Every structure is written in C-alpha cells, then in structure tokens.
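Feature list (source: TrEMBL):
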type     : residues                                                                                              : note
BINDING  : Thr8, Lys9, Asn10, Ala11, Gly12, Lys13, Ser71, Phe153, Gly154, Tyr155, Asp156, Lys176, His181, Arg182 : substrate binding site
BINDING  : Glu41, Asp70                                                                                          : Mg(2+) binding site
ACT_SITE : Asp70                                                                                                 : active site, proton acceptor
Amino acid sequence: MNKIVIATKNAGKVREFAALFAKRGIDVKSLLDFPDVPDVEETGSTFAENARLKAEAISHRFGCPVIADDSGLVVDALGGRPGVYSARYAGEDKNDARNIAKLLHELEGVPMEQRTARFHCALAVAIPGRPTAVVEAACEGYIAEAPRGEGGFGYDPVFYLPEKGKTMAELTPEEKNEISHRAKALAKLDEQWDDIMGGEGRME
Ligand SMILES: O=c1[nH]c(=O)c2ncn([C@@H]3O[C@H](COP(=O)(O)OP(=O)(O)OP(=O)(O)O)[C@@H](O)[C@H]3O)c2[nH]1
Ligand SMILES: [Mg+2]
C-alpha cells in the first residue's frame with residue numbers, strides 16, 4: 001500500500017502526516033483534496049471516540065482504509081480544558097490566535113510550575129470489513145506566558161518544552177516530528193500495522 005487517506009481538513013496536521021508518511025514511502029491524501037466532503041461531527045467525549053467517528057465515517061464514504069487524528073491540549077490548571085474542544089476553544093471559526101489569547105487569559109497569574117500541560121493525539125484506522133484500531137500518545141510540556149516562534153500550528157507557540165528550552169513553534173518541522181504526540185502515536189500504529197491491516201500491506 002503506498003497511499004493513505006487522512007480524514008482531516010487541518011492543513012497543519014496534513015503537513016505533519018505528509019512528512020511522517022514520506023519516510024515510509026507512502027503518499028498522503030486528505031480531505032483538503034476533497035473539499036465537498038462535509039465535516040464529521042465530533043460528538044464524542046474523548047479523543048479516541050472522536051478519532052473513531054471521523055475514521056469510520058470517511059472510510060464508509062470512500063470505501064477504503066482511512067486514518068483520522070483527534071488531538072488537543074490538556075491543561076492541568078484548567079481541569080483538562082480545552083481538551084476535545086481545543087480547535088473551537090474561542091469559537092466555531094477555529095481561530096488559533098484567539099484560542100491562544102483565551103488560554104493565556106485563563107492562566108493569568110498561574111505560576112510556571114502549575115502550568116503543566118500535554119498535547120494528546122488519538123489515531124484511528126478504519127478499514128472496510130475490519131475492526132477499527134485506535135492508538136493514543138501524549139507529549140508533556142508547560143504553557144508559556146507569551147507566544148514564541150513561527151512553526152507548527154494551533155497552540156505550538158505557547159507550548160514550552162523544558163528539555164529543549166523552546167516552544168513547539170520554535171522547533172524545525174523535523175524536530176517537532178521527532179517528539180510530538182502525533183509522531184509518537186504514529187510510531188505505535190507502526191508497531192501494530194500488520195495486525196491492523198490483516199495482510200493488506202505494510203507501512204514501510
Ligand atoms: O499547537 C498545536 N500543535 C499540535 O500539534 C496540535 N495538535 C492538535 N492541536 C490542537 O487541537 C486541535 C485539534 O482538534 P481536532 O483534532 O478536532 O482537529 P481539527 O478540527 O483542527 O481538524 P480535523 O482533523 O478534525 O478535521 C487543533 O485544531 C489544535 O488547536 C494542536 N495544537
Ligand atoms: Mg476537528
């Protein structure tokens with residue numbers, strides 16, 4: 001298999017998946033290539049449920065294997081928010097700058113040691129006629145007091161990695177793809193790939 005459909009319209013995710021799959025010799029198609037396909041409603045209460053909903057709906061529609069990513073930012077001082085609502089935290093228009101502004105406002109006055117957070121990623125693989133597989137992974141860090149860096153997408157400019165001394169947005173794309181929640185989840189998927197595909201092909 002040398003092609004896979006990723007059930008997302010998020011250009012940041014598509015960029016990262018394209019690089020991660022290129023290493024494995026696989027071309028990525030996404031819903032940006034099929035703009036008429038309507039958004040799948042994210043009605044689940046967990047990342048795993050939403051990833052499954054998106055993968056199964058698009059696999060059913062296209063009749064082929066599909067991967068979906070549901071991800072977001074979990075902030076301890078906010079009781080886990082924005083969580084599954086990360087994309088729409090500041091409104092339905094999914095505006096990264098407004099999401100960051102709202103997050104920093106809610107964390108005003110919270111000292112650095114209490115600003116612990118993690119990016120969480122659930123990946124679901126739906127294949128017609130087979131049970132859907134879901135894997136999950138996280139990347140730990142802190143919420144910075146101000147945005148820094150131009151790379152990545154979403155909350156990357158305020159996600160601080162103490163071991164790097166940088167925000168996620170200050171990393172190169174290659175560096176982010178070595179440590180991110182998405183890369184870690186994809187590595188887990190790699191390990192289970194033969195079982196998931198049931199002999200349909202390997203990822204590398
Ligand atoms: O700084 C970030 N770096 C990341 O690596 C990252 N991964 C996820 N997120 C945030 O979580 C939402 C996902 O929500 P989400 O999984 O519903 O995706 P989405 O609605 O953007 O696209 P789709 O895949 O559903 O079509 C995104 O929009 C972002 O706000 C990230 N932020
Ligand atoms: Mg979404």
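Glycine too: its Cβ is placed from the backbone N, Cα and C atoms.
What TrEMBL annotates, mapped onto the structure for a quick look.
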residue	record	contacts (Cβ under 8 Å, 6+ apart)
Thr8	substrate binding site	Val14, Phe17, Ser30, Leu31, Lys54, Ala68, Asp69
Asn10	substrate binding site	Asp69, Ala87, Phe153
Gly12	substrate binding site	Gly152, Phe153, Gly154
Glu41	Mg(2+) binding site	Leu53
Asp70	Mg(2+) binding site	Glu42, Gly44, Phe47, Ala48, Asn50, Ala51, Lys54, Val84, Cys121, Ala122, Ala124
Ser71	substrate binding site	Lys13, Phe47, Ser86, Phe119, His120, Cys121, Ala122, His181, Arg182
Asp156	substrate binding site	Gly149, Thr167, Met168, Ala169, Lys176
Report task. Would you mind sorting out which binding-site residues among Thr8, Asn10, Gly12, Glu41, Asp70, Asp156 put a C-beta under 6 angstroms from ligand 2? Result -> none
Query - Largest separation between Cα atoms (Å) of residues that the record links to substrate, namely Thr8, Lys9, Asn10, Ala11, Gly12, Lys13, Ser71, Phe153, Gly154, Tyr155, Asp156, Lys176, His181, Arg182 - result: 20
